[in-house]
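In what follows, a single structure is set out as structure tokens and then discussed.
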Amino acid sequence: MRSYMQILQKFAKFIGPGILVSVAYMDPGNYATSVSGGAQYKYTLLFSIFISNIFAVLLQCLCVKLGTITGYDLAENCRHNLPKKLNYTLYLFAEVAIIATDLAEVVGTAIALQILFKIPLTWGVLLTVLDVLVILMFYTPNGQSLKKVRVFEFGVGILVIGTCICFVLELFKVSIPDKAELFKGFLPSNIIFKEQQALYISLGILGATVMPHSLYLGSSIVKPRLHDYDLKKYGKVNARPSLSAIKYTLNYAYAELIISLFLIATFVNSAILIVAGATLSGQPEAEDADLLSIYKLLVHYISPAAGLIFALAMLCSGQSAGIICTLAGQIVSEGFLQWSLPPWATRLCTRLIAIVPCLFVTLTMGEKGISDILNFSQVVLSLILPIVSAPLIYFTANRKLMVVHDENGVVRAPADVNAIADETTPLNSKHSKIVDFTNSRLLTYTSVFVWALIGSLNCYLVISYLLGADIHF
């Protein structure tokens, strides 16, 4: 019993990074797709949400491994280990993905502010810059203390809990007579292959769930706890963590991530679809509803309170996702380019780049333009995901990167795959301990299969959309 308590106490120290990552999987960009799925196919497409989260867990675990073993996040590994031109190309795609993601957060927050506080969309868009100030105050990932990092994680966690509570309340407001039908929705169904619209919505759920910026985020936010361990044990922090720090953190980081994604991201996305399936099924106006229309539908078919709860959930998720996206923007810029700009400048630039197009659209096109820009952002993200995720699989399958050479507890391995060991490195020492964290062959094949599947399905979805198919992102 005591050993279980010790495990739980140690696990509690790792709670935080998984919650931050889960935010990327429950942003306002997911809502319209899930509502459309519930309205047209009731609970049948819950399986699509479940399998999308399985894919997300696989990719995010690779991120945890990469950041923990190498001491560098995905963007930094690209800079160290890829040709300069390829690195810059990947940076451009990553930056576009950050901006496209941020558009969805800005839109969701602005609409929520309009519903809750009657703030015009234009002012709502401008107010979204405030979440940058939160990051500026609390998040210092390269500092030598976990206190500010934990405060930041706690703050985002409050917003996540708020989102979850809102959807719990929504679930209590709907009636689900046939519980078996609901749980059956988490099992595979052939309707996805029989009806093209079901396939489109399933692909839309997949595209809206697995987000490019979460890969950079997930590989970076594991570093503070590694640094804290080495600082306390060895009195200094190296770029690459010690083997003992890796062993201390890796499995707990995996566990915290998996639990967070399933308890938070899967629950929220499923709850949206369940509420829609229970109340909006068979309603034609719900099949292609934007965020504001969803609010109006919930008010009409459930109650005004249900609509307000949805708006509050959208505000919490929009704010938390916006904070995380802005942080990911800093990770991308500093990792790929090693920017010398102060962190506040990087974060502010990332946020302003997303706000400017939203502001222009709201001023010129109003609510219709906001809906269009949200759809456009989801198309962009679907196309970019396979590009930015390919290096992740390459790095974690590369033995030159994932082998740790340990001597007296301190890692001294090449910083990049092209580095050459000299006579003083443990690579040539008969006494150095070698631990190989490279992906197994099965994991590599599985990762490549998932990558190819997501990439091909996303491309099919986007091409169908461009050809005029009725697709809901």
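Cβ coordinates are placed from backbone N, Cα and C, and glycine is handled just like the others.
Over all protein chains present, the Cβ of ASN87 (N-linked glycosylation site) has 19 other Cβ atoms lying within 10 Å. Under DSSP, ASN87 (N-linked glycosylation site) is assigned to a helix (H, G or I) in the three-state scheme. The N-linked glycosylation site annotation in Swiss-Prot covers ASN87, and the record cites sequence analysis as its basis.
Taken from Swiss-Prot, the feature transmembrane segment applies to 14-34 (among others). Residues 49, 53, 56, 60, 101, 104-105, 107-109, 111-112, 149-150, 153-154, 156-157, 159-160, 163, 201, 204-205, 208-211, 213-214, 217-218, 221-222, 225, 249, 252-253, 255-261, 264-265, 268-269, 272-273, 276, 289-291, 294, 314, 317-318, 320-321, 323-325, 328, 374, 377-378, 381, 472-473 of the same chain sit 6 or more residues outside the transmembrane segment (14-34) yet have a Cβ under 8 Å from a Cβ within it.
Feature annotation from Swiss-Prot assigns transmembrane segment to 44-64 (among others). Long-range contacts of the transmembrane segment (44-64) within the same chain, counting only residues at least 6 positions beyond its ends with a Cβ under 8 Å from a Cβ of the stretch, are 21, 25, 34, 37-38, 74, 182, 185-189, 191-192, 198, 201-202, 205-206, 209-210, 214-215, 218-219, 222, 250, 253-254, 257-258, 261-262, 265-266, 269-270, 273-274, 389, 392-393, 396, 439, 446-447, 450, 454.
The transmembrane segment annotation in Swiss-Prot covers 97-117 (among others), and the record cites sequence analysis as its basis.
The annotation transmembrane segment is assigned in Swiss-Prot to 119-139 (among others) on the grounds of sequence analysis.
Per Swiss-Prot, transmembrane segment is recorded for 152-172 (among others).
Sequence-distant neighbours of the transmembrane segment (198-218) (same chain, 6+ residues past either end, Cβ-Cβ under 8 Å): 17, 20-21, 24-25, 27, 29-30, 33-34, 36-37, 40-41, 44-45, 48-49, 51-53, 55-56, 59-60, 63-64, 67, 73-75, 94, 97-98, 101, 191-192, 257, 265, 269, 324-325, 327-329, 331-332, 335, 378, 381-382, 384-385, 388-389, 392, 454, 457-458, 460-461, 464, 469-473. Annotation comment: Swiss-Prot describes 198-218 (among others) as transmembrane segment.
Per Swiss-Prot, the feature transmembrane segment maps to 257-277 (among others). For the transmembrane segment (257-277), the list of distant contacts is 17-19, 21-22, 25-26, 30-31, 34-39, 41-43, 45-46, 49-50, 53, 56-57, 60-61, 64, 160, 163-164, 167-168, 170-171, 174, 176, 182, 185, 205, 209, 218, 286, 298, 317: same-chain residues at least six beyond its ends, Cβ to Cβ under 8 Å.
Below 8 angstroms of C-beta separation, residues 23, 26-28, 31, 108-109, 111-113, 115-116, 159-160, 162-163, 166-167, 169-170, 173-174, 268, 275, 279-280, 283, 285-286, 289, 291 of the same chain, each at least six residues beyond the ends of the transmembrane segment (297-317), sit close to that stretch. Annotated transmembrane segment per Swiss-Prot: 297-317 (among others), in sequence order, evidence recorded as sequence analysis.
The transmembrane segment annotation in Swiss-Prot covers 352-372 (among others).
The transmembrane segment feature in Swiss-Prot is assigned to 373-393 (among others). Through the fold, the transmembrane segment (373-393) approaches residues 28-29, 32-33, 59, 62-63, 66, 74, 77-78, 82, 90, 93-94, 96-97, 100-101, 103-104, 107, 204, 207-208, 210-212, 215-216, 219, 290-291, 357-358, 361, 439, 444, 447-448, 451, 454-455, 458-459, 461-462, 465, 473 of its own chain, all at least 6 residues removed from its boundaries and within a Cβ separation under 8 Å.
Positions annotated as transmembrane segment by Swiss-Prot, on the basis of sequence analysis: 448-468 (among others). Counting same-chain residues at least six beyond the ends of the transmembrane segment (448-468), those with a Cβ under 8 angstroms from any Cβ of the stretch are 55, 58-59, 200, 203-204, 206-207, 210, 379, 382-383, 385-386, 389-390, 393.
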